[in-house]
Amino acid sequence: MQMQVLTAASSLPRATLLRPAAAEPWRQSFLQLQARPIQRPGIMLHCKAQLQGQETRERRQLDDDEHARPPQGGDDDVAASTSELPYMIESIKSKLRAARNSLGETTVSAYDTAWIALVNRLDGGGERSPQFPEAIDWIARNQLPDGSWGDAGMFIVQDRLINTLGCVVALATWGVHEEQRARGLAYIQDNLWRLGEDDEEWMMVGFEITFPVLLEKAKNLGLDINYDDPALQDIYAKRQLKLAKIPREALHARPTTLLHSLEGMENLDWERLLQFKCPAGSLHSSPAASAYALSETGDKELLEYLETAINNFDGGAPCTYPVDNFDRLWSVDRLRRLGISRYFTSEIEEYLEYAYRHLSPDGMSYGGLCPVKDIDDTAMAFRLLRLHGYNVSSSVFNHFEKDGEYFCFAGQSSQSLTAMYNSYRASQIVFPGDDDGLEQLRAYCRAFLEERRATGNLMDKWVIANGLPSEVEYALDFPWKASLPRVETRVYLEQYGASEDAWIGKGLYRMTLVNNDLYLEAAKADFTNFQRLSRLEWLSLKRWYIRNNLQAHGVTEQSVLRAYFLAAANIFEPNRAAERLGWARTAILAEAIASHLRQYSANGAADGMTERLISGLASHDWDWRESKDSAARSLLYALDELIDLHAFGNASDSLREAWKQWLMSWTNESQGSTGGDTALLLVRTIEICSGRHGSAEQSLKNSADYARLEQIASSMCSKLATKILAQNGGSMDNVEGIDQEVDVEMKELIQRVYGSSSNDVSSVTRQTFLDVVKSFCYVAHCSPETIDGHISKVLFEDVN
C-alpha cells in the first residue's frame, strides 16, 4: 500500500510536466529508456565560443528568472521566512550549544513536583514543615485556569487528574493555598467520571499503581472525593492485579523499570533498593520515586539529586531526569530528517560523542548512566553513531532478545510502537561482520509494524504525535536503501509535529530540544529555498535539452525531469549545483547516446559506431563530425558542450576519459546492459564537477579501497538495472535472487562508506558512491507512479 501523501502527479499543479508521452517510456528508468524511432535532426554547427556564449545567456536568463519570479503561490510569509533562515539557524545553534551541558530539556511535571513537596523536613527535629518549600511555590504558581494542573496544550484525563490530585494532596498536607486547593478539588469531583472513558492506549506510566496511593492520601486528609466511583473501582482492581504479578524478590534483586514507580508500592526493603541508585543519585531517574524514597530513608544522595532537579527547574521537577541521552539523540535525529543537519555539524558531533561515551555493551538508557537500558535509546544511538562513522557493535541488541522476541524493557506489559519503529530503522544499517541478530531484529520489527498497520493501530504508548502513523508507513514502504534524502525530508515536514507532540510519562511532558517549532520553520524555509533553486535549474536543464535536440534521440521531457529529480533528491545543497547538474546532464546524455547505439546494435554495428564516437570525442576530429551521420554528430556536440560546462583544464581530460570508458562498455554483445558502467560514469562526473577528483586522481587510481568501491557500485547497479528492465517488460533471465545479492553487497558498501578506517578516499566521495547506488535502488523499488508523485511533492508542491 502506498502512502496517501504520494499522490499521482495528475492531481498536482505541474501535472502537464509529468504526463508520459506513451505507456512504454514510463516503464523505463533514466538508465535504460528504449529508443523511439529517431527523427533526424538538422545540422548543428557550434564552435566552443558559441557554446560558452549560449551558456552565459542561459545563466543570465536564470538570474533574471530568479529575480523576477516570486515564491510559488506568491506567499509573502514564505519569502519572509526564507530571508530569516540565517537568523533561525543561529538561534538553533545557540540553543544546541546552551544544552551541551544539560541533563535534559524537558517540561516540569506537577505530579513529581507534588511528591517532592510532600517530603517532610529532614532536620526538623519532629516539627512538620516541607523540606522543599520551592516545590509548594511552583504548584501555587502553575495552576491552570480551570483549576487543574497538567499539560495546558493537550487534554488527557489521566494526565489532568493525577497531576491535580497530587497537587491538591500536597497543598492539603501543609494546609496552604486553600482557594487553589478548593478549585483543584472541584475539578477532580467534576471530571473523575471521565476515567471510565479514557483511551488505554495513552495511559500514563504506572497510573494504576500510583493514582490509588494518592487517593488513599486524599482520603486520610479528609478530602471530599467519591472514592466509590465505578471508574475508581476498575483502577483499584488493576492495581491489585499488577501488584500480584510483581515478584517481591525480583523487585529487590536487580534494577528494573519498577523502580520508576516505587511511590506506588508498600512494604519495601529500602536497604536493598538503594543499591540500585543511578550515578546522579536517583532511583531510575524518577523524582517522584526518589522523593518517596527520601521520605522513607533520608538518604543524602537522594536529597542532593532532588535539590539539583528543583534548582534547575525553578522549584519544580520533570517526570524523568536526567534524559540527556534521549534529548541529544532525538534532537539529532529530528535535525537530520528535517534536512537541516548540515548547518549544525559541530554541535551534532559533540552530541554524538557524548552518546558514544554513554553507550555500554548492554545498550543505552535514556539518561546518564542509569543501569536500566532500553532498546529505544539503544537503537537510536546505534543508527546515528554508525551513520557518523563510530565503531558500534550490533551485539548491543542481544540484551533485548528472548526466545526470538524483542522487548524495550525487561518485564514490560505491552510493546511500544516507536521502540520497534526505531529498532527497525536501526536494523537496516548492517555491516558484513554483523551476526544474524540484526536480520532477526529487522524481521521481527517489520512483522510487528505490519501487523499494527493492518489493524489500523499505529498509536504509541509513549508519545502522542499525529504524524507517527505516516512515519511508520513511510519506513515500511521505503527501506533505507531506497529512501532518498529530499523525499524523506519532504514527507517528514508534514509528519513532524514540533511543539504539538507530547510525550507520555507519569503525566504528559514536552521535549523542547526534540520537538521545536523553530526547527520546523527553519526546515520549511530551507526546503523552500531548495525548491526555488530546483525550479530554476529545471528550466535551464529543459532549455539545454531542447537546444541539443535530445528529444530526437528518444529522450522524453519526462525522463529529463526524472534524471534531474534523482540528482537533486540526493545532492540538494545550494553550493553543490555543479555536481547536481553534472549528474543530471550526464544521465540524460547517456540515455540519448544509448538510444542511438541501440539502433546500431539491431544490425550488429554497435562496435563500429562506438569506436567512431570514441575517436571523435578523443581527437576533436571536426572533419569526421561533419560527416553524414547527423545524429552522431549532434550527440558529440552535446557531449563536448557538457564537458566544457562542467570541467576545466585537466578535469576536462578526466571527464573525457570517463565518457570513453563508458562508451567502451558498449558492444554488440552487451545489448545495452550497461547499468553498472553508467553508475560509475555518474560517480566520476560528480567527483570531477566537485573538484575533488582532479586533485586526488592519481592517488585514487592506486587505491584498492577506491577500486573496491567501484566494483561494488558497478555490480549492484548492473543487477538493479537488469531488475528494472525485467519489471518493465524486459527479459526475466538472471533476475531471480537479485534482491538477496544486492542486499549482501549493500552491507559491504555501507561499511565502506560509514565504517572504513582508510584515509585513501574522502568521506564525501564514499557518499557519492552510496548516493548513486541508492538512486538505482529507489528506481528499482518504486513504481513509476510513485516516482512521479515524489517528483511533484519534492520539486513542485509548495511547503505549507
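Just so it is clear, glycine is given a Cβ too, placed from its N, Cα and C backbone atoms.
Under the heading substrate binding site, Swiss-Prot lists LYS242, LYS461. Here Swiss-Prot flags ASP374, ASP376 as Mg(2+) binding site. Taken from Swiss-Prot, the feature compositional bias 'Basic and acidic residues' covers 55-69. The region 'Disordered' annotation in Swiss-Prot covers 52-80. Annotation source Swiss-Prot lists motif 'DXDD motif' at 374-377. The transit peptide annotation in Swiss-Prot covers 1-47.
Where Swiss-Prot records a feature, it is marked here on the structure.
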| residue | record | Cβ contacts under 8 Å, 6 or more apart |
| --- | --- | --- |
| LYS242 | substrate binding site | GLU208, ILE209, SER413 |
| ASP374 | Mg(2+) binding site | GLY363, MET364, SER365, TYR366, PHE400, CYS408, PHE409, ALA419 |
| ASP376 | Mg(2+) binding site | TYR366, CYS408, SER416, THR418, ALA419, ASN422, SER423 |
Other same-chain positions with a Cβ less than 8 Å from the motif 'DXDD motif' (374-377) and lying at least 6 residues past its termini are 325-326, 329, 363-366, 397, 400, 406-409, 416, 418-419, 422-423
If you count the other CB atoms within 10 A of the CB of LYS461 (substrate binding site), including all protein chains displayed, you should get 21
Taking DSSP helix as H, G and I and strand as E and B, the motif 'DXDD motif' (374-377) has 3 helix, 1 strand, 0 coil
By a three-class reduction of DSSP, LYS461 (substrate binding site) is assigned coil
Averaging pLDDT over all residues of the motif 'DXDD motif' (374-377) gives 96
